[in-house]
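Annotated features, as they stand in TrEMBL:
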- HIS79, ASP116, GLU179: Zn(2+) 1 binding site (BINDING)
- ASP81: active site (ACT_SITE)
- ASP116, GLU152, HIS380: Zn(2+) 2 binding site (BINDING)
- GLU151: active site, proton acceptor (ACT_SITE)
- 192-304: domain 'Peptidase M20 dimerisation' (DOMAIN)
Amino acid sequence: MAASLPEFPTSVKNFQRYLQIKTVQPTPDYATCAQFLRDMADELGLPHQVYEMAPGKPIVVMTWEGKDPTLPSIGLNSHTDVVPVYEEFWSEDPFAANIVQDDAGEHRIIARGTQDTKILGMCYLEAIRTLRNRGVKQLLRTIHVIFVPDEEIGADHGMMAFVQHDAFKKLNLGLMLDEGAANPDNSYKVFYGEKAPWWARFTAEGNTGHGSKFIPNTAAPKLMKVVSALITFHTQEEKRFLAGKDEATGKPIGYGDVTSANLTMLSGGKQQNVVPPSLEAYFDIRVSPFVDYKHFDAWLADLAHNSDVTLEYKQQYMEPNVTRLDNNPWWAAMQRVGEALGTSYNTQICPGATDSRWVRPLGIPCLGVSPMRNLPLLAHDNNEYVTVNGYLEGIRYYEYLIEEVGNLLV
Ligand SMILES: CSCC[C@H](NC=O)C(=O)O
Ligand SMILES: [Zn+2]
Ligand SMILES: [Zn+2]
């Protein structure tokens, strides 16, 4: 660790304070978090509302009213919760938000949530502060900075519920910006759509008995038929992805064009010498938005049926989830800002699921961008970090982007 560190700007200290709040699943400290955000809003002079779709799950919305509040507004969304840590694999306390100088001389802020996705919320707020300090009193459109809980566990009491609420409709969003991801290359990733999470549980049932016997009709071979078919499917999709283009048509194949099916949990059985009456296999399936959902659903149902296995979904997302980029004035505005700041973009389908999937089906365009480039993707990983310089670049990016989209007449 470096002997002495420079004095960092207040924006960095605010980011550290946010990171130090343990909004970690499964028991996030949302009360402290909401208080912190309310204090930030007061400091910025932004009126704010707190909504709860379930007790103890605050959604904080800060509003910077535009010159014409009747125009559709801009939503700046980020989630406040973070995923758990394996602390023994971290070089720093994941909730201390320590700043450590690396070999290249860069100052790294190391903490859970630096990339996913507390950087985003703080960049929005610090960018608004910069704009107002520059003397920009109002933009044309109203800006809503939205902080939501529980994105990491499916958003049942977060964005999924909020979009049904009157308060959400009253925000009158014309565009929502949401999370992107760190890019190891020199461009910003932009997510214009995402894969559909289908969390499937296959249950096989059969005869039980002594573990030394040849028992007919047991659970294991039935379950193995499903497991084997899905692993074969997953491997084929992986091959298509690695080949980079379609064998027949030569069309390029990216992450968004393929579907993954990972076996993530297996359960069943009580003792090693008792053949179990049931066994379960859990798959995290991420369906490409370009796949015919109904067709794929029928394929999985047939697979289960033909294997004499039952299939249940913990979640099965079925809505369209792509924002078109052609003839999209918001995207054009984003590109102008990138050009002005010397940044290029890399447009992608998000392999994971974000809160945008609840908003896109309402016809509201959503673009997921996080200004993190030349940075390894460490969301959900050990020693998650962003550099101080990267964070400051992010604030500058949003300063220009918020001004551009906030003043856009479409
Ligand atoms: C599908 S609900 C969980 C959402 C989570 N989002 C980011 O990692 C994901 O696993 O994609
Ligand atoms: Zn996230
Ligand atoms: Zn995440």
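Heads up, the Cβ atoms here are built off N, Cα and C, so glycines get one too.
Here the features listed in TrEMBL are placed on the structure.
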{"residue": "HIS79", "record": "Zn(2+) 1 binding site", "CB count, 10 Å": "26"}
{"residue": "ASP81", "record": "active site", "CB count, 10 Å": "25"}
{"residue": "ASP116", "record": "Zn(2+) 1 binding site", "CB count, 10 Å": "28"}
{"residue": "GLU151", "record": "active site, proton acceptor", "CB count, 10 Å": "26"}
{"residue": "GLU152", "record": "Zn(2+) 2 binding site", "CB count, 10 Å": "23"}
{"residue": "GLU179", "record": "Zn(2+) 1 binding site", "CB count, 10 Å": "24"}
{"residue": "HIS380", "record": "Zn(2+) 2 binding site", "CB count, 10 Å": "15"}
Closest of the recorded positions to GLU179 (Zn(2+) 1 binding site), Cα to Cα, picking from ASP81, GLU151, HIS380?
GLU151
For the recorded Zn(2+) 2 site formed by ASP116, GLU152, HIS380, which further same-chain residues have Cβ atoms within 8 Å of the site's Cβ center?
VAL82, VAL83, GLY113, THR117, ALA379
What mean pLDDT does the predicted model reach across the domain 'Peptidase M20 dimerisation' (192-304)?
97
Three states by DSSP: which one describes ASP81 (active site)?
coil
Cα distance, GLU152 (Zn(2+) 2 binding site) to the residue listed as 'active site', nearest Å?
7
Mind running the recorded positions ASP81, ASP116, HIS380 against ligand 2 and keeping the ones whose CB falls under 6 Å of it?
ASP116
Excluding HIS79, ASP116, GLU179 themselves, which residues in that chain have a Cβ inside 8 Å of the centre of the Cβ atoms defining the Zn(2+) 1 site?
SER78, THR117, LEU120, GLU151, GLU152, ASP178, THR354, SER370, ALA379
Report the recorded positions (HIS79, ASP116, GLU151, GLU152, GLU179) that meet this criterion: Cβ distance to the nearest atom of ligand 3 under 6 Å. Use sequence order and write none if nothing qualifies.
ASP116, GLU152
The domain 'Peptidase M20 dimerisation' (192-304), counted residue by residue under DSSP: helix, strand, coil:
40 helix, 38 strand, 35 coil
Proximal residue to GLU151 (active site, proton acceptor) among binding-site residues HIS79, ASP116, HIS380 (C-alpha distance):
HIS79
Rounded to the nearest Å, what's the C-alpha distance separating GLU152 (Zn(2+) 2 binding site) and ASP116 (Zn(2+) 1 binding site)? Just drop the number here, would you?
10
